[in-house]
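Participant: Questions regarding the structure given below will be posed in turn.
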Amino acid sequence: MTEPILKVEGISKAFGALQASKGITLDLRQGEIHALIGPNGAGKSTLIQQITGGLAPDAGRVVFGGQDVTTYSTAARARLGMARTFQISSLAMEYTVLQNVVLGALGARGGVFRFFRPVMKDKALLAVARDALAQVGLEEFERFRTSELSHGQRRQLEVAVALTLKPRAFLMDEPMAGLGAEGTQRLMGFLDGLRAQAPILLVEHDMDAVFALADRISVLVYGEIIATGTVEDIRANPLVRSAYLGEEDAEGVA
Amino acid sequence: MRRETMLNATLMLILLGFPLWAWSVDEPFLITLSTRAVIFAIAGVGLNFALGIGGLVSLGHAAFFGIGGYAMGILAYHAQTYTALAEWPVLIEGTKSMPVIWIVAIVASALVALGMGALSLRTTGVYFIMITLAFAQMFFYFTISWPTYGGEDGLSIYVRNGFPGLNTMDPIQFYAICYAWLVVVLFLVHRAAKAPFGLMLSAARQNGARVQAVGQVPYRLYLVAFTISGAITGLAGALFADLNRFVSPTMFSWQTSGEIMVFVILGGVGRIFGPVAGAALFILLEHVLGGLSEYWHVYLGAILLGVVLFARGGLFGLIAGREVAHD
């Protein structure tokens, strides 16, 4: 078996008396969707921030592509191919849709400190950008200003920008949030195929989506991973049922 | 043609036509007034590169304006007194050559901006404003208490510095030099704004987390923008000192920083040509209102309040529409 692209090894983080991460260990393997679920306040966002470099863990390491990146900045991790999407859409709102994806392609390619040639006429960047827009189905909106997009379209654009980053792994923080049934279905279909391109660590509240998509699931409760396994393992796990899914009927959870 | 493009063209034509008209009717004072407007416009375009595209609200650009001014003053002073600027380790003499002075002014203000930026860009918001202000004040008090170059009284340069093939003491010829610089600076800033750097810098202002997520570091972008911005304002300072044939610590004062910011706000933050309109309007108001009352700043204040409250896009926002074009 090939080495996991991302390994989180014994990460702990405390904010004062609050232990937000307690020795968390998990990994992301090639070709899989690994879902991270947990109730509100379980520490999912704190964990994501430590993986992407927004927060430094008190203990433990983050290994990405065989490199210990624990002390790397967010930007350095992104350049290694850690492509994230944000829980709350985080785009350059004054820009057009196309400019936002070109921004991603430019960031990944480098050569930012160039002052003379118009970037929006750079054929190589435009090709990467338009390809990403086409993959998420936004190609007809490239001239729209990002602030004019619907919530769902912004989520799609987030994913499109991540696609331009020469991704070796995706970290997606609740990409389905607020999408509605149809949008969720479409995105699920897309993510299903995307895992072949690069594995996805998926933080998601939508249990139907998680159970339908994930190869493995980790359950985070009060800063601790209480279980990791396949969908069947997680459904059958009594700890998970009592702590998270609710005891009556795990199948009925929406 | 887009309205903003038309406004830009109109503005540049007025700045070309008005002094030529003043020249034809032999009104050198009006040419000098236009020269002031053009030089202030260059300073404003410099600040707008950091403020408008990068969102860096610097209240310390007087530091660069003053350094450009003193680069001219010190070099010309040594040339007119036939004293060496430094004798060791190499002999450095003063100069009356404008191109040399410009290069020194640009390099010196860029270096100061680099150092100032490296420290102050670690802060944001109101702290950034206060730190840049404090740096400029340091230069202000330093020049006041440095008697070698005139201290509080400043430095007078008797003859304007020379440019090959031109008589720089002729107002219209000196105006031509300043106007040419404005065109060059506007062209370069326009290109930079559309280039990869401009795209990423503006994105950093809009959303720093986004820039990091695509693998870039906002601090580095800001630092380069601040350095370029300082260099442009430094060049304006050198031209301004040559216009007046005089430099004094006033160039370093916080009022100077404030005025440069007023050009940007009056014209329209983030519009490449905004500060040109702002500086021209400022000079116009100074001339017209200043003729009515020596307390004309009261009226300027009222107008500025009006712009900030009712026309956030400045003159450009009023005339060319609110949206800044991105294409």
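Counting starts with 1 at the first residue shown.
Even glycines carry a Cβ here, placed using N, Cα and C.
Pasting the feature list from TrEMBL:
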type	residues	note
TRANSMEM	B:38-57	transmembrane segment
TRANSMEM	B:62-80	transmembrane segment
TRANSMEM	B:100-119	transmembrane segment
TRANSMEM	B:126-144	transmembrane segment
TRANSMEM	B:172-190	transmembrane segment
TRANSMEM	B:219-240	transmembrane segment
TRANSMEM	B:260-285	transmembrane segment
TRANSMEM	B:297-320	transmembrane segment
Participant: Hey, which bits of the same chain come close to the transmembrane segment (B:126-144), Cβ under 8 Å, at least six residues off its ends?
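Facilitator: For the transmembrane segment (B:126-144), the nonlocal Cβ contacts are 56-63, 66-67, 70, 116, 119-120, 151-152, 249, 252-254, 257.
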Participant: Give residue numbers and ranges for long-range contacts of the transmembrane segment (B:219-240): same chain, 6 or more residues beyond its ends, CB-CB under 8 A.
Facilitator: 36, 39-40, 42-43, 45-47, 49-51, 53-54, 56, 58, 61, 63-72, 101-102, 105-110, 112-114, 116-118, 121-122, 177-178, 181, 185, 189, 192, 197, 200-201, 204, 211, 251, 260
Participant: Which one of these stretches, B:100-119, B:172-190, B:260-285, has the most C-beta pairs shorter than 8 Å to the transmembrane segment (B:62-80)?
Facilitator: B:100-119
Participant: Residues sitting near the transmembrane segment (B:260-285): Cβ under 8 Å, six or more positions beyond its termini, same chain?
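Facilitator: Answer is 4, 7-8, 11-12, 14-15, 33-34, 36-38, 40-41, 43-48, 51-53, 57, 59, 61-62, 65, 182, 186, 189-190, 193, 233, 296, 299-300, 303-304, 307-308, 313-317, 320, 324.
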